[in-house]
Amino acid sequence: MAKPLTDQEKRRQISIRGIVGVENVAELKKSFNRHLHFTLVKDRNVATTRDYYFALAHTVRDHLVGRWIRTQQHYYDKCPKRVYYLSLEFYMGRTLQNTMINLGLQNACDEAIYQLGLDIEELEEIEEDAGLGNGGLGRLAACFLDSMATLGLAAYGYGIRYEYGIFNQKIRDGWQVEEADDWLRYGNPWEKSRPEFMLPVHFYGKVEHTNTGTKWIDTQVVLALPYDTPVPGYMNNTVNTMRLWSARAPNDFNLRDFNVGDYIQAVLDRNLAENISRVLYPNDNFFEGKELRLKQEYFVVAATLQDIIRRFKASKFGSTRGAGTVFDAFPDQVAIQLNDTHPALAIPELMRIFVDIEKLPWSKAWELTQKTFAYTNHTVLPEALERWPVDLVEKLLPRHLEIIYEINQKHLDRIVALFPKDVDRLRRMSLIEEEGSKRINMAHLCIVGSHAVNGVAKIHSDIVKTKVFKDFSELEPDKFQNKTNGITPRRWLLLCNPGLAELIAEKIGEDYVKDLSQLTKLHSFLGDDVFLRELAKVKQENKLKFSQFLETEYKVKINPSSMFDVQVKRIHEYKRQLLNCLHVITMYNRIKKDPKKLFVPRTVIIGGKAAPGYHMAKMIIKLITSVADVVNNDPMVGSKLKVIFLENYRVSLAEKVIPATDLSEQISTAGTEASGTGNMKFMLNGALTIGTMDGANVEMAEEAGEENLFIFGMRIDDVAALDKKGYEAKEYYEALPELKLVIDQIDNGFFSPKQPDLFKDIINMLFYHDRFKVFADYEAYVKCQDKVSQLYMNPKAWNTMVLKNIAASGKFSSDRTIKEYAQNIWNVEPSDLKISLSNESNKVNGN
């Protein structure tokens, strides 16, 4: 028997997702039955919940394929300029519900599954997250794909089909333990392998220079097998493609020097070639110069460029003159966006193809290459910038090293001509760093090889121009742009918060889903008490639902009427989960000191993964879980304060916690977070932000008014001034009694009685080498948190501020971001055209 419906679920029945036709439901039930029997070969006596999920996924997929084929035919017929988004990460999460929403099928599927006596939410929970990313960079790529399809751009996402995505995080005895994420174990109903487009990728070997040109010979070959996943736009019949490459050994791998005794070993060694796409490197904002990682970076680039050139040659623009293709139109037909420096090898690879294979003169090849590429910078942290050792590149990609040297020589010649005696500038701007062992600076390669370089929030783009790449922006100021990040409102509002999406639609109509700037219309409801109460009711329902989820999944009971104070993101020193933790201990101490004093109840929720080799991040998790143990088991504290470490934070968990959040923690040291996108998701879902003036927080404050965020702490100039003066942590420790108490407790084993010196590394870091100045912002942070508690006691004032934030969040749609890329970088036009589903064109398409 199905569960009774909540108010929110009842309201969903009169919904912007359209009225369900009876024939639709009957069709879906038929299709579901057909797939259960003929695709899964099961009947209801032996079918499991997972079988029912797969039957539903195949049913929904049936509605995608016609649109997918028609979209590709449409592109083949019309030959629009193509956009290629190259990324080593696509953090997609789950696909089923997003597809139903974008195709307008959710209500019909809901009804069909209900009539079959099943629970659609239970089926949705079966789907594995496609965790092919670490955090913000990979999730941004996923949001961008959704927006590009919704805007009708002829766009493709290209990446790697990792067999194992970001590890699953288990917390054992308070420590993070990593487990492999075998996300493909049960199969993936959304992908289609395309063995007919399999391509060779070369490694190692040597370079041969002859009169007729340059050849890269004696290489090892690995095959790249593409898997295509459909990317549906919202209600526009456009379905674009994400193509992910999987590594396969060629059939003669290690068997060319056939030797009877080695046959079995040669077959077993095929694994070595296929390891390239085995696992995602779990580093966020940290460069690890491993050979396998460099192989991954070249693998995706080499396969993708062959594919792009094949598609270009198949189009009417790929005309031939004599023996070769004319590539003059290439940059008018192809835009390639490099998502960070990970796919930077695309620049020398395209040069290799143009010069060595297509026999173009260097100057022509370079002109085409520069016009084709654009580069997005995502971080200013020095430890995150990619610098590959020259000897490794020479071993793995000898021809590419020669090309990089040639690019660098011509680049430096230009600098010498412009700044004749400035030797230091040459050193600073070279693609090759000579200090110590020689390294290639991949960011410099990207800047020199692209026609546009962008940061991802105004403040970040300013830092990029004035500090990190100052010399380059002085040389070519017009090359540098800002494109503030955004999030897709389909996943981050309609899907994760249907109650709020409905409430908004009732007031301002449904068009905001494709034009989020329309949320400004909500300003006219600021004085509407009934609407504010409805807004609060939606939040309360989300909090209840999340509380029930925590109880079921994590066996923790929380107070659903407490303030939900949430910080969920990768664990990193610069994101300052430690500052949050110090505040938690401060609140605990205040309750203990004066238990009768009024205290606004809080549930502090912290979640995120630490890179497996990042000792300090793992210690921070252990500190949080140790503090939680003490706080949650202290009877004097009761339900006033609870601390939850949210295990295995991922996209599907974000969709649950974000709509339930009251207070969003965005507390990185000013000048360290490039943009952040979690901050935007919380804002759109009716949480208030406590944050520093960093990343996109600055623009959020600009849009909503600084008085409608809880802004605290040092600004960029203050941080610079403190650096100049010299940061002395001890001064703050001695001046602030509450801080001193907290640090002493951590230091003397109050939270680790069995091992009093457990946290000595954290204490040592905080006092002697804290690059992110936690103590410097502690006092301002705690005072700001007191203001948060004050406001929370006044629901009307709180909800008014919430509404102001939601009404101001329209700028942060990834649709707006993508329109800006389209206009200012890619030179393509978004299209409102709803692709016709009739099959008037049956031409073979170029996929």
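Yeah, the Cβs are placed from backbone N, Cα and C, and that goes for glycine too.
Residues or ranges marked as N-acetylalanine by Swiss-Prot on the basis of a large-scale study or a structure entry: ALA2.
For SER15 (among others), the entry in Swiss-Prot reads phosphoserine, with the evidence type experimental evidence.
Annotation note: ARG310 (AMP binding site) sits in a helical segment as assigned by DSSP. The AMP binding site annotation in Swiss-Prot covers ASP43, ARG44, ASN45, TYR76, ARG310.
Residues annotated as site 'Involved in the association of subunits' in Swiss-Prot, with similarity to another entry given as evidence: CYS109 (among others). A sphere of 10 angstroms centred on the C-beta of CYS109 (site 'Involved in the association of subunits') encloses 26 other C-beta atoms. In three-state terms derived from DSSP, CYS109 (site 'Involved in the association of subunits') belongs to a helical segment.
Counting only residues at least six positions away in the same chain, the Cβ atoms of GLY486, ILE487, THR488, ARG491, TRP492, THR677, SER814 sit under 8 Å from the Cβ of CYS143 (site 'Involved in the association of subunits'). In this structure, CYS143 (site 'Involved in the association of subunits') is part of a helix by DSSP. Taken from Swiss-Prot, the feature site 'Involved in the association of subunits' covers CYS143 (among others).
Swiss-Prot lists TYR156 with the feature site 'May be involved in allosteric control'. Mapped onto three states, the DSSP output places TYR156 (site 'May be involved in allosteric control') in strand. Counting every protein chain shown, the number of other Cβ atoms lying within 10 Å of the Cβ of TYR156 (site 'May be involved in allosteric control') is 25.
Per Swiss-Prot, N6-succinyllysine is recorded for LYS364. Proximity of LYS364 (N6-succinyllysine) to non-local residues of its own chain (separation of 6 or more, Cβ distance below 8 Å) is seen for PHE327, PHE354, given in sequence order.
What Swiss-Prot records for LYS470 (among others) is N6-acetyllysine, and it gives experimental evidence as the kind of evidence. Within the same chain, no residue at least six positions away from LYS470 (N6-acetyllysine) has a Cβ under 8 Å of its Cβ.
Annotated phosphoserine per Swiss-Prot: SER524 (among others), in sequence order. In sequence order, no residues are near SER524 (phosphoserine), counting only same-chain partners six or more apart with C-beta under 8 A.
Classification of SER561 (phosphoserine) by DSSP places it in coil, neither helical nor stranded. Residues near SER561 (phosphoserine) in space but far in sequence (CB under 8 A, at least 6 apart, same chain), listed by position: GLN540, LYS543, PRO601. If you look up Swiss-Prot, you'll see SER561 (among others) marked as phosphoserine.
Swiss-Prot lists SER639 (among others) with the feature phosphoserine, giving a large-scale study or a structure entry as the kind of evidence. A simple way to gauge crowding: the CB of SER639 (phosphoserine) has 12 other CB atoms within 10 angstroms, across all the protein chains here.
The secondary structure of LYS681 (N6-(pyridoxal phosphate)lysine), as reduced to three states from DSSP, is helical. Packing around LYS681 (N6-(pyridoxal phosphate)lysine) is summarised by its Cβ count: 29 other Cβ atoms lie within 10 angstroms of its Cβ, all protein chains included. If you look up Swiss-Prot, you'll see LYS681 marked as N6-(pyridoxal phosphate)lysine, on the strength of experimental evidence.
Sequence-distant neighbours of LYS796 (N6-acetyllysine) (same chain, 6+ residues apart, CB-CB distance under 8 A): ASP529, LEU532. What Swiss-Prot lists as N6-acetyllysine is LYS796 (among others).
Considering only the binding-site residues ASN45, TYR76, ARG310, the residue whose Cα is spatially closest to the Cα of LYS681 (N6-(pyridoxal phosphate)lysine) is TYR76. Applying an 8 A CB threshold to same-chain residues 6+ apart, the list for ASP43 (AMP binding site) reads LEU36, HIS37. If you take the Cα of ARG310 (AMP binding site) and the Cα of SER639 (phosphoserine), they are about 63 angstrom apart, rounded to a whole number. Nearest in space to CYS109 (site 'Involved in the association of subunits'), taking C-alpha to C-alpha distance over the binding-site residues ARG44, ASN45, TYR76, is ARG44.
The DSSP secondary structure for LYS470 (N6-acetyllysine) is helix. Within the set of binding-site residues (ARG44, ASN45, TYR76, ARG310), the lowest number of other Cβ atoms found within 10 Å of a Cβ is recorded at ASN45. Here the Cα atom of ARG44 (AMP binding site) is found 45 Å from that of SER639 (phosphoserine). When the recorded positions ASN45, TYR76, TYR156 are compared by Cα distance to SER639 (phosphoserine), the shortest distance belongs to ASN45. Under DSSP, SER639 (phosphoserine) is assigned to coil, being neither helix nor strand in the three-state scheme.
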